[in-house]
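**Student:** Per TrEMBL, repeat 'WD' is recorded for 171-212, 213-254, 255-296, 297-338, 380-420.
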Amino acid sequence: MFVSDHAKSIALDDESHKLKMGVKLKADYSPVLHIPVLKEGNRDRVLQLSGSMQGLQSYTQPGDDPEYLITGTHAYPSAPGVALTADTKLHRNPSEAGIHSMTVALPPSQARQEASRIAASVSDILRHPPGADRTVSLMEGGGTRNSALMRRAPTMPKPQWHPPWKLFRVISGHLGWVRSIAVEPGNQWFVTGSADRTIKIWDLASGKLKLSLTGHISTVRGVAVSSRSPYLFSCGEDKQVKCWDLEYNKVIRHYHGHLSAVYDIDLHPTIDVLVTCSRDATARVWDVRTKANVHTLTGHTNTVATVRCQAAEPQIITGSHDSTIRLWDLIAGKTRATLTNHKKSVRTLVLHPRQYTFASGSADNIKQWMFPDGNFIQNLSGHNAIINTLAVNSDGVLVSGADNGTIHMWDWRTGYNFQRIHAAVQPGSLDSESGIFACVFDNSQSRLITAEADKTIKVYKEDDTATEESHPVNWKPEILKRKRF
């Protein structure tokens, strides 16, 4: 029976609507109804609304007076010469009309004048946006100007141009996978550790073999050269950590304690402390001189694959196959923070030489972090392989080396992947023996040395003949599709 008026709304009753609007005006807008209207177009509307207030007189209480009285405790303490009589106890509020006339008569405040003098103009804001992911829209209305910040999808800023890198030299000599590299502080030579159980020292300029050291009985997984003493440190899958005196080319100290293969080693830059990490899910802090195990850093639940030290806090950073990164308090020997963003094993860490930041590499992606608390910066996605090693130089070139033999070059600031390299394997090797286990920049930042599964060491350098015109950045400010975790 109601089909005919199914879509029709109930007719609005003028009397009830007027009553409703009057109550709303009384409740919400009564303090401002007396203010004069600035715009001609709104005057009729306000007059109509104020007219609807006339019907509310029956609802006002007898005591509702703008100049209402407050009795009781006086607003101010008594003072000499002012006696609190029945008359002076009454605190009389000013009327609303008086307040409005006072505000109209007052000059603009100093703060408001300052704000209008130094406020950025629309063109300034558009020319120098405060952030890549924000845009400013200005709304003009009622003689006032308000800036509203609206979210916009983030776009990648233009990356810095870097010359491409090219293969410069291939060094052969090891009889097994080359697992680790370190460059000595004087930039004269570098050292490699291999699955053939030897440590070899090479001349950096010529690439010739200078020395072979034997002593490990299994793969040498980590090497480090001290900048504070003529010592070389090595660790391996034989659970051993050794200190070599390079004046005599002999082992002078052993550091005993790890219960399984030792995967990485790093030296503290300012104190005589050595840190190693192992498949026994611990990292150990050693006193270089006394061989004492100062701390055993426990907390990871799987192999600790990589460790890095720095002079600033946190002084030790570890990455593990339990997919977490831990920042450690060296003095207390306890975890400061645990970063759980990665979904796969964290096999490598690298600290930026100039910024207070670091990067971690995993099979899911590369992530950049901010010290000291490990705040997440951004993801570098696209190197779809198991990332074994990372290196970064002071020019902001980040290098990632993967298990499938590919090398990706990234601009550190923007995360732009500006070059991809897949060098051919050494003649006589299988194509499957294409893998990057370690990479490092030399101290001039102009040579990249990689340790590979085809038993070679490859040296890369920047192409001196390249220009930005011959190798332009293939960059478009596309919307970033980065996972923010």
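Cβ from N, Cα, C; glycine included.
Automated prediction, rather than curation, is the source of TrEMBL annotations.
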**Student:** Residue list, the repeat 'WD' (213-254) vs rest of chain: Cβ under 8 Å, 6 or more residues beyond ends.
**Tutor:** 176-177, 179-185, 191-195, 197-201, 260-267, 269, 272, 274, 276, 278, 286, 288, 291
**Student:** Tally of helix, strand and coil residues over the repeat 'WD' (255-296) according to DSSP?
**Tutor:** 0 helix, 22 strand, 20 coil
**Student:** Going by DSSP assignments with H, G and I as helix and E and B as strand, what are the residue counts for the repeat 'WD' (380-420)?
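**Tutor:** Residue counts for the repeat 'WD' (380-420) by secondary structure: 0 helix, 22 strand, 19 coil.
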**Student:** What parts of the chain pack near the repeat 'WD' (171-212), using Cβ distances under 8 Å and only residues at least 6 beyond its ends?
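**Tutor:** Distal contacts: 218-225, 227, 232, 234, 236, 244, 249, 426, 435, 437-444, 447, 449-453, 455-459.
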**Student:** How does the model score the repeat 'WD' (213-254) in terms of mean pLDDT?
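**Tutor:** Mean model confidence (pLDDT) across the repeat 'WD' (213-254) is 96.
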**Student:** Helix, strand, coil: count each for the residues of the repeat 'WD' (171-212), based on DSSP.
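**Tutor:** Per-class counts: 0 helix, 24 strand, 18 coil.
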